[in-house]
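Starting off with a structure, shown below.
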């Protein structure tokens, strides 16, 4: 049964145009071609990336956070309460008003105390500023190096300037060592992102991130199997061109450098829209959808590859919507924040409690003045 499934999976009509076989892609006459077995190395490399990431975040990102004065916000912890904790863990983190009233009776707390407990408990589960900074630093470093490496791999190739060259002689296109390592490193990195996504900072687009990572891994792997390497290197470099800008903007945002963050974000938004909403669909996807049909009839691999490209493009449109929303806030003078972030919750009652803790009792809703000066946080 396994052998049958294996034979169906590697059926040549799924992966290659008509009249071509896997025998046409066997190494000969000094030519080396991509092989499925090459990708086995990406899994151990992905775990190596996780180790390198841990070392980087510990010995590079953390000291850098100290230099940039990345400060943690003091969070008020929720008082231990078995009834509320059980409801929080088993039912929901955001109880409705009826649930709050029911929990108030069960726990012996007032409604306001229950609301405050859930607010503080949710804040405890949110990632710290240092964790966000370390993650952004790691991704910034990788995306910047990957973009530079990607440009070095493709900038001197004829298909970088003439997209018709992508398909010249396809699929009898020899693989270059630089292409091999570019593919292995990119694919290994995305495997590592997928492995660590459960422990990474969770944002509102968590599901979209999973879809993106899975689609990217499938696209990179399929383009390797089917020898779509020239197109694959162009697509990977195009994606890396804006990602490092976003991560650097996050780093400066966490460090409190608002103006620098906003300026970098505007550059990122422009690069993202130009590369993902203009160059990718109107140049790269046109190249993968139209040009191959001049050389051979459409086959399953052609449809599958372009379907996955459409999935990625749909995610780009979704993220472009969030980026435009943030750009509007910047233009109207508001602080630019990541629309995907789960913001920390505060309210007047907690602020008052912090003031009381620092300044003593309130007088008519305001802290009592000490030596004619109002103390501030």
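Numbering starts at 1 and runs along the chain as displayed.
Backbone N, Cα and C define each Cβ position, glycine as well.
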Would you please say which range out of 243-263, 264-284, 327-347 has the annotation transmembrane segment in TrEMBL?
264-284
Taking 140-160, 161-181, 182-202, 350-370 as the choices, which stretch does TrEMBL tie to transmembrane segment?
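Going through 140-160, 161-181, 182-202, 350-370 one by one, TrEMBL gives transmembrane segment for 140-160.
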Pick from 110-129, 210-229: which range has transmembrane segment per TrEMBL?
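In TrEMBL, the transmembrane segment feature sits at 210-229.
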Pick from 73-93, 304-324: which range does TrEMBL record as transmembrane segment?
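Within the set 73-93, 304-324, TrEMBL attaches transmembrane segment to 304-324.
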Would you mind splitting the DNA-binding region (69-129) into helix, strand and coil residue counts from DSSP?
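Here the numbers are 36 helix, 0 strand, 25 coil.
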